[in-house]
Amino acid sequence: MSGEQVDILVVDDDISHCTILQALLRGWGYRVALANNGLQALEKVREKVFDLVLCDIRMAEMDGIETLKEIKTFNPSIPVLIMTAYSSVDTAVEALKSGALDYLIKPLDFDKLQLTLSEALAHTRLSESPVTETPAAQFGMVGDSPAMRALLNNITLVAPSDATVLIHGESGTGKELVARALHASSARSRRPLVILNCAALNESLLESELFGHEKGAFTGADKRREGRFVEADGGTLFLDEIGDISPLMQVRLLRAIQEREVQRVGSNQTLSVDVRLIAATHRDLAEEVSAGRFRQDLYYRLNVVTIDMPPLRHRREDIPPLARYFLQRYAERNRKAVQGFTPQAMDLLIHYAWPGNIRELENAVERAVVLLTGEYISERELPLAITGTPVADAPHGDDSIQPLVEVEKEAILAALERTGGNKTEAARRLGITRKTLLAKLSR
């Protein structure tokens, strides 16, 4: 793993310190990306595969420990080095327990930094299996059912090619995880993975997001912006919910795919792009074509290779390992010593229909961990939709007044359910910071 091939992400809210580290690391032959807070770091880690993350421990909004845990949750294989002042060595020890590979004392000794980086990267090489870790293991795709094995086999076959991939499946089945695995296992893995949910934007905003815009192209366009195609140049562009785009956007997207070039909104300049396209939808695009709602020529361009996502109800044997996987994740995050599920609770999970698929299972397990006061998750902690019968409230005395902390937790959990588990959006809707939301959940 030579310096020219190594990508390092530096995370520090001290911009001057970031700049110094960037210049230093580049001088040693590394490629360097910067993030000025934890949220930026998570965005970058989701978009690109880094060989190492160098993260400060003291940052506003999301500190280094929380950033470390989120990175490790997303991809446990990324080595993370923590930077800390003398006064916070105890916190650095906590970081090691949370998965950090090592820590460095600030102000940094540059010789020590160079040695630690070399050792960390060497450790990473040695820890890699001769057989490359499966995309499933890297991105949390858990299960050994026939349907899951077939899915993983498809990923292994398709990933090395540059073919356009259409992922079809119900909401919550893990289409984005498959896109990430395809990118990470491809020759483009060192280049960006850019993700865009087409259903989240109206036509004009989607056009600007995809192709970029010139300054003054429309009201509010105060500077030129590159689109997602240009951002993904050399890498992979994942377009989720492609079946929801308008007829006009279908025409523009078709041209971009056919010609491998785009134009910013408000510009006549043509930009060549080298992008592997992965698209996903919950719709049956063949039916959409028959109904005249989706262009046949675009459908053929997208449908080069199809990967069908099995719904969770079609692979019930994967529910126990998935539930245990999420249990471990959220028990660690909430610092709870949870031993597992009662047989009755697991039986309910296995036999529930899961209309929201894996996402619904994850949310149910997270909710159960947050509400749990004992060692085993029982039907009491599971949502009413799963148990099928109301679970009696825990006694609070004759006046039946819930403690405020429980009321707050219920409000937070309700907000999380409505935002699909998005903690940042849930915090915004509740009028609190993300850090406050996480603190209240962990009580």
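A Cβ is built for glycine as well, from the same backbone N, Cα and C atoms used for every other residue.
Note that the coordinates shown come from a computational prediction; the quantities given were computed from them, not determined experimentally.
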* Structure fact -> Ranges in play 123-142, 203-222, 303-322, 423-442, with Swiss-Prot marking DNA-binding region at 423-442
* State the residues, same chain only, that lie 6 or more residues beyond the ends of the DNA-binding region (423-442) and have a CB under 8 A from a CB inside it; answer 'none' if no residue qualifies. => 39, 61-62, 66, 333-335, 370, 405, 408-409, 411-412, 415-416
* To do: Taking the Cβ of R329 (ATP binding site) as the centre, count every other Cβ atom within 10 Å, in any protein chain shown.
  => 18
* So what sits near G172 (ATP binding site) in its own chain, CB-to-CB under 8 Å and at least six residues off in sequence? -> L312, G356, N357, I358, R359, E360
* Roughly how many angstrom lie between the C-alpha atoms of R329 (ATP binding site) and D56 (4-aspartylphosphate)? -> 23
* Sequence gap of 6 or more, C-beta under 8 Å: which same-chain residues meet both conditions with respect to D56 (4-aspartylphosphate)? -> V11, D12, D13, D14, H17, G64, I82, M83, T84, K106
